[in-house]
Amino acid sequence: MDDRCYPVIFPDERNFRPFTSDSLAAIEKRIAIQKEKKKSKDQTGEVPQPRPQLDLKASRKLPKLYGDIPRELIGKPLEDLDPFYRNHKTFMVLNRKRTIYRFSAKHALFIFGPFNSIRSLAIRVSVHSLFSMFIIGTVIINCVFMATGPAKNSNSNNTDIAECVFTGIYIFEALIKILARGFILDEFSFLRDPWNWLDSIVIGIAIVSYIPGITIKLLPLRTFRVFRALKAISVVSRLKVIVGALLRSVKKLVNVIILTFFCLSIFALVGQQLFMGSLNLKCISRDCKNISNPEAYDHCFEKKENSPEFKMCGIWMGNSACSIQYECKHTKINPDYNYTNFDNFGWSFLAMFRLMTQDSWEKLYQQTLRTTGLYSVFFFIVVIFLGSFYLINLTLAVVTMAYEEQNKNVAAEIEAKEKMFQEAQQLLKEEKEALVAMGIDRSSLTSLETSYFTPKKRKLFGNKKRKSFFLRESGKDQPPGSDSDEDCQKKPQLLEQTKRLSQNLSLDHFDEHGDPLQRQRALSAVSILTITMKEQEKSQEPCLPCGENLASKYLVWNCCPQWLCVKKVLRTVMTDPFTELAITICIIINTVFLAMEHHKMEASFEKMLNIGNLVFTSIFIAEMCLKIIALDPYHYFRRGWNIFDSIVALLSFADVMNCVLQKRSWPFLRSFRVLRVFKLAKSWPTLNTLIKIIGNSVGALGSLTVVLVIVIFIFSVVGMQLFGRSFNSQKSPKLCNPTGPTVSCLRHWHMGDFWHSFLVVFRILCGEWIENMWECMQEANASSSLCVIVFILITVIGKLVVLNLFIALLLNSFSNEERNGNLEGEARKTKVQLALDRFRRAFCFVRHTLEHFCHKWCRKQNLPQQKEVAGGCAAQSKDIIPLVMEMKRGSETQEELGILTSVPKTLGVRHDWTWLAPLAEEEDDVEFSGEDNAQRITQPEPEQQAYELHQENKKPTSQRVQSVEIDMFSEDEPHLTIQDPRKKSDVTSILSECSTIDLQDGFGWLPEMVPKKQPERCLPKGFGCCFPCCSVDKRKPPWVIWWNLRKTCYQIVKHSWFESFIIFVILLSSGALIFEDVHLENQPKIQELLNCTDIIFTHIFILEMVLKWVAFGFGKYFTSAWCCLDFIIVIVSVTTLINLMELKSFRTLRALRPLRALSQFEGMKVVVNALIGAIPAILNVLLVCLIFWLVFCILGVYFFSGKFGKCINGTDSVINYTIITNKSQCESGNFSWINQKVNFDNVGNAYLALLQVATFKGWMDIIYAAVDSTEKEQQPEFESNSLGYIYFVVFIIFGSFFTLNLFIGVIIDNFNQQQKKLGGQDIFMTEEQKKYYNAMKKLGSKKPQKPIPRPLNKCQGLVFDIVTSQIFDIIIISLIILNMISMMAESYNQPKAMKSILDHLNWVFVVIFTLECLIKIFALRQYYFTNGWNLFDCVVVLLSIVSTMISTLENQEHIPFPPTLFRIVRLARIGRILRLVRAARGIRTLLFALMMSLPSLFNIGLLLFLIMFIYAILGMNWFSKVNPESGIDDIFNFKTFASSMLCLFQISTSAGWDSLLSPMLRSKESCNSSSENCHLPGIATSYFVSYIIISFLIVVNMYIAVILENFNTATEESEDPLGEDDFDIFYEVWEKFDPEATQFIKYSALSDFADALPEPLRVAKPNKYQFLVMDLPMVSEDRLHCMDILFAFTARVLGGSDGLDSMKAMMEEKFMEANPLKKLYEPIVTTTKRKEEERGAAIIQKAFRKYMMKVTKGDQGDQNDLENGPHSPLQTLCNGDLSSFGVAKGKVHCD
């Protein structure tokens, strides 16, 4: 039998054969035979070997098709069932759970053979399930010991004894495995499994730490013990899959990491050169001189108000930097314990990494701007937008793409399983028929087919349309490709076995004379298969059959007919949509009641809320009881929502009973009330979707969550073990010096115990790592470098990889639920929607009745105006003519009328309507009486038929007359209006600027008949009916003048100059707003000028509006959204001109004036349109987030309201709770009791607090206040309420991670949907054709360039050869890297010797690069300046020379610009390294994605700037007089436009918005109402919250969406077989073979040229026969054109595809247009024909030589015979018969 075929498998015990010495001998024999076959020459064409079977993979469970394992063979060596291992020295072992283990049959450790008793015992132990459970239990207990054991006592005896025990267990486990498997040499040995490497390292380190007399520190070594937690991953195979996916994503991240590191290095160098030594500028007292020890001279430094921090200053600020008695000087102190600075490359790099991760970057931003000047903001803009937004989101893009690739594999796998399912179904059907024919009982198979292979059960294999990384199959979560134990029981594996079994049980096996035993085994096989299928089916059922019977017996109440009647009535009522609507209204009102709770409620109000709670609880309990009665408990509890409702109702009932009986409420029970809010999800699809996403993600992300928990656990324990002793809750004296009872030296964030260490790691995952790292470094002393390593590792591994995969999965979950929700929404509506539909239908009925009455009245009013002519003729006039006429009419008549004769038959109109078209229509739809106006004349009956449009298959209705009116005076296209006398409301304006509605596509020809560019009607159609005075005839005086005026206005407003002028005025008026800052009051002349310009601008806008009214008409003007926006802004501008006190507040709204730019600038218009398309979805998600957050708000109010107060003294320090315990003591002791500005006193405040927590800004103060809170109006105590941490952790996971990422999901999803609507140009091409098309598109734009000619001068030629060589480039790039390293070595206050060395090095580099420039100019001559890179190099060299000269000047004060700018010039040299990018394909893809994104990002940037501009103007109007406090100071404020923009740029990333809001949230008590400093907290909150939502959540997420989209596009392009660079390199090689750029090379040079090309275009030698296949066309002189060669080589790389010839012809035509040179040369032969000619010539030559040899040897007579004989070689050739020589027949001339 062929080795590749599967053996016949019958499910009985004979499958399991013990592994004996005979088995080993048989394997050795097979291996020897295989080796012989390999040596044999006959077997060189190797037969493909079988692959390992997935269902028999190690660690999977053995499929039940193989039968039960004999008890005596459990744990014993068996012959391998997988044919793949037939020729491998291996055996398999099965345990009781049928798990497969494989071992090598060679000697373990060179001693123990496969039959050794010690090894057999080790094998039995290692495969036993109890052994695995014991090891997992040990790992868990060990983790608990590590987590609970405090770091302070890590060397205690108890801990050491426990560690010895655990180490002993791990050593025992390793020894057992080594004895069973061998160590490393053989297959399946111990160290061949990478997971065992981890065990070895942990054990090795543990042993080393116990060696006596060892001198190294034990603590870092023992910290490695924590990695034992990873053993859980090695035991649970599902976790291995997730870790594998993570590792794959890390592989893909390599390019991003390299690019990020490179960019960070560049930014760090620029920052170092710009800001070196600037952050140590402080205000020092003029009395203090020579401060050597800053700590001793603390009094010499000026401090910030109410802060212990030193005041920073900048020399650029002059005298205003410090107070009068202080001056600005350099010191030895940098901010944040000296860790924030740019003094050397290391600290600068750390600062840039902090900027990129956006952790407290606003502090660095404020410090740098204060010390170096406001121009530094441009540096931060570049780093934030390029470094932070782009590079960080590239990480997300790469992880998302890696995940989507996995998705595609999953989809393919599911599709394959589905196909296999169908095949198995068919095979089993055939098998059943075959077995029945042989007399096997049909009943054994009937159940299999009927119970299992049904369409319903097919769903168990997963829905292939649903692409999810984790398959949600029947409520069970299973990752694809999983190696888990449960996976092998899934049906796909069964089906694989089924298929194989069916093949083995084919009819051939069961002939009449077959073995009866074989027939019995076949029956056994099918029966076991049936049983297995049934077991699988039962495993999917919700409960056992006995449970189902009991439930149907006792939980379905059908007592008596009367009871059934009651049930029927109740079911009708309870399932009615109105009942559901009533319950939903109750839920909403109940939610409002819950949200109304607040601090300091009045007794009556509280009583009302309690009564309300009782009422709603009663309603919900009654609903539950009635539904249970109506539906029976059996059916009621089968729905998830009903179970949820019943739980909430019963908990509420328990809470009420507890209050009634015990007169007090339990917080635990009361908090469950808020779950009622989630009942809204039943009737609100979006909320339902969100809950589904969270549910699916929590389930589907189970494995990932476990991995994340393990990672957090490991880092928490590592932090606790390494830093727990020093970095604990008590601050060290150098950080805190308690001078009194008000100063606390306790810290909330530390690593002193596991819980707090976990919180620190969680905080790092939230994005805040730098502050804890500073404190850790300060406390750890010698281990400070370890702090940096650990904290950055947590940031990179945790935040950038794991959380990004989490987000990627969540986004995919969102898009899937969104699509599924849309499909379900189309299919069925919720009951609330059905109830609302009833109301809508009732309202529509009332409205239509009223409209009908109005139209009836209108028609009565208009009837006298219509005159009828006797004779029963139809209406006919010179103004109204029939649209459809008989074909028999002459063409002249038709031309006169100007109407086409034919109308498409597709018009969907009733046959009894008459369609009329007026030639010239009035400005409204009223028809005028009189001879000259429209008259209705009745046509004779026969002719009337010609005017009617007939439509088949329509039932005739009552006679109606309709007319189609074409507005001949519309602006662009005609208005086609159907007038139905019965239904005037159906008048439809078909074509307008705002909307286009095609009436049955048949009127596509109408616009061609209509004059263009004319105004539309002034008033809406139908207006003249109600107001006859507005009816005008524009053909009669004086309305002709009005019509001409309108046409003139129309031409004006449509003129490009008018639009340009308006844009100019908008820009000027917006610019004027900039000057209205806080200093305007002191500048009356500027104020007067601004008032004048404001009046002028307002009048210009009014004039523009009036012109547009006249030109467009009111109908068109007010139906355009952009025009409405302009109108609102003009009205606001007009109100500002009126000097009324009441209207003064409207002046602020002038800030909206720049919005007019939106309608004028196309780039922003595109972005806004995309944004408007997403607004409904964004608002929906925003509303869902608000509801979701409401639950946490209500809980927050319940837990923390009134508890955020504290007692402070005169210096704003909190007094210790042991001195003052409550508010009354505080006030009696003449202290101040203040409440924190952001608190949980009511739901509104709670929303603000949660927004700060969700954006991680200002959240520390809120968490501190919460965890320190005791009771209402009690003094806070340090961490008295530690459970408060849990509240915030849960909110961050569900309220921040889930809900805020939904914004990204919504925007990306909408963005993709709009892309699909706009795209689709490639939908008619196959994938192969797309590839070919892309390649052709790239090469079509290329053509050969003429290379730079080598100089004739020998010296110049030598230099030319040097500078054009690759080695020269490598040397120069190496020097650039060395120059970069030398710049990195610079530092602030470096030793003079070091400074001298670096200066000299700089001179050396300047000289080298100058020489390089001169040498290249000498060698390349004028061609040097034709290359962009050369020009860049030249400019850099010139600037370097200038900067180096200026830096040598002693007196640099007179230079008009800062000398630091010249330092930056040197950095431009680094830009030359970008040449290397060409070699790095992955990085090139990333940069290409950036280049593709730039246009879109520029538009988004413009929109963001516009939003910032408007908010800056609003901020200047509202907050210009806020006193300096918290984040508001002399630089960052809203006093001027520049300072406002600085603040808004900062908070566009949500950074520090809490500190800017804080000064504006003054309480009424601390605010003087007469002061201008008082502001409404509501306005300030709305201002900042709206800006955060618009900029941070929407615009910045659009930025992310663009990057993701373009990264995907760039990746697709980079994955194309041929890229731009391949074509560039082709032409570079071409230049060497075609120096004159003729576009042709000789055929003889083709072989060398093809071999010289790099892959994939290269055709390696020998390649002549491959050219034959290509059939290349040649022109005269045996030349080939470059395009022909490139086409042929491209087709060879891409392979064959349909339609390539037509595409090639199209691309060649384009190339011809671009390169007319090829037209001059027509091909005369091809390479194939030329080769045939060459072979023919060679044969002739050979024959001729043969003939000549015979001539010389033979005599003359023989020679005559040869010449004249009929079969002479020469004669044969002359006859043209070359077939005997292997050449195609052709004519050979012998003349």
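The backbone N, Cα and C atoms fix where each Cβ goes, glycine too.
From a predicted model like this one, the values you see are computed outputs, not experimental measurements.
Here's what Swiss-Prot has on this protein:
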- 115-408: repeat 'I' (REPEAT)
- 193-212: transmembrane segment (TRANSMEM)
- C283-C322: disulfide bond (DISULFID)
- N290: N-linked glycosylation site (CARBOHYD)
- N338: N-linked glycosylation site (CARBOHYD)
- 345-369: intramembrane segment (INTRAMEM)
- 377-402: transmembrane segment (TRANSMEM)
- 559-833: repeat 'II' (REPEAT)
- 608-631: transmembrane segment (TRANSMEM)
- 668-687: transmembrane segment (TRANSMEM)
- 703-725: transmembrane segment (TRANSMEM)
- 754-774: intramembrane segment (INTRAMEM)
- C776-C787: disulfide bond (DISULFID)
- N781: N-linked glycosylation site (CARBOHYD)
- 786-811: transmembrane segment (TRANSMEM)
- 1044-1339: repeat 'III' (REPEAT)
- 1140-1161: transmembrane segment (TRANSMEM)
- N1209: N-linked glycosylation site (CARBOHYD)
- N1216: N-linked glycosylation site (CARBOHYD)
- N1222: N-linked glycosylation site (CARBOHYD)
- N1230: N-linked glycosylation site (CARBOHYD)
- 1244-1265: intramembrane segment (INTRAMEM)
- 1282-1308: transmembrane segment (TRANSMEM)
- 1348-1639: repeat 'IV' (REPEAT)
- 1362-1385: transmembrane segment (TRANSMEM)
- 1427-1450: transmembrane segment (TRANSMEM)
- 1500-1522: transmembrane segment (TRANSMEM)
- 1537-1559: intramembrane segment (INTRAMEM)
- N1568: N-linked glycosylation site (CARBOHYD)
- 1580-1604: transmembrane segment (TRANSMEM)
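Structural mapping of features recorded in Swiss-Prot.
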| residue | record | DSSP (3 states) |
| --- | --- | --- |
| C283 | disulfide bond | strand |
| C322 | disulfide bond | coil |
| N338 | N-linked glycosylation site | coil |
| C776 | disulfide bond | helix |
| N781 | N-linked glycosylation site | helix |
| C787 | disulfide bond | helix |
| N1209 | N-linked glycosylation site | coil |
| N1216 | N-linked glycosylation site | coil |
| N1222 | N-linked glycosylation site | strand |
| N1230 | N-linked glycosylation site | coil |
Using a Cβ cut-off of under 8 Å, list the residues of the same chain at least 6 residues beyond the transmembrane segment (377-402) that approach it.
245, 248-249, 252-253, 256, 259-260, 263-264, 267, 270-271, 274, 352, 355-358, 361, 365, 368-369, 800-801, 804-805, 807-808, 811, 1486, 1489-1490, 1493, 1501, 1542, 1545, 1549, 1596, 1599-1600, 1603-1604, 1607-1608, 1611
A 10 Å Cβ contact count, applied to the glycosylation sites N338, N781, N1216, N1222: which residue has the minimum?
N781
Which one is it: of the recorded positions C776, N1209, N1230, whose Cα lies the shortest distance from the Cα of N1216 (N-linked glycosylation site)?
N1209
Positions on the same chain near the intramembrane segment (345-369), where near means CB under 8 A and six or more residues out:
260, 264-265, 267-269, 271-272, 275, 278-279, 312, 335-336, 339, 376-377, 380, 383-384, 387-388, 391-392, 767-771, 788, 792, 795, 799, 1384-1387, 1531-1532, 1542, 1546, 1549, 1551-1552, 1555
Taking the repeat 'IV' (1348-1639) alone, what is its mean pLDDT?
82
So which of 193-212, 608-631, 703-725, 1362-1385, 1580-1604 is most in touch with the transmembrane segment (668-687), counting Cβ pairs under 8 Å?
608-631
Find the shortest Cα-Cα separation between C776 (disulfide bond) and the recorded positions C283, N338, N1209, N1222, N1230, and name the residue that gives it.
N338
Name, in the order they occur in the sequence, the residues of the same chain whose CB lies under 8 A from the CB of C322 (disulfide bond) and which sit 6 or more residues away.
C283, E302, K311, C313, C328
Could you round the CA separation between C787 (disulfide bond) and N1230 (N-linked glycosylation site) to a whole angstrom and send it over?
45
I need to check the long-range neighbours of the intramembrane segment (1537-1559): which residues 6 or more away from its ends have a CB within less than 8 Å of a CB in the stretch?
358, 360-363, 365-366, 369, 374, 377, 380-381, 384, 388, 1074-1075, 1077, 1237-1238, 1252, 1255, 1257-1258, 1504, 1508-1509, 1511-1513, 1515-1516, 1522-1528, 1531, 1580-1581, 1584, 1587-1588, 1591-1592, 1595-1596
Sorry to bug you, but what's the C-alpha spacing from N781 (N-linked glycosylation site) to N1209 (N-linked glycosylation site), rounded to the closest Å?
35
When the Cα-Cα distance from N338 (N-linked glycosylation site) is computed for each of the glycosylation sites N781, N1222, N1230, which gives the smallest value?
N781
Expressed to the nearest Å, what is the distance separating N1230 (N-linked glycosylation site) and N1222 (N-linked glycosylation site) at their Cα atoms?
13
Cβ neighbour count (within 10 Å, all chains shown) around C776 (disulfide bond):
26
Please report the distance from the Cα of N781 (N-linked glycosylation site) to the Cα of N1222 (N-linked glycosylation site), rounded to the nearest angstrom.
40
Ten-angstrom check, please: count other Cβ atoms within 10 Å of the Cβ of C787 (disulfide bond), all chains counted.
24
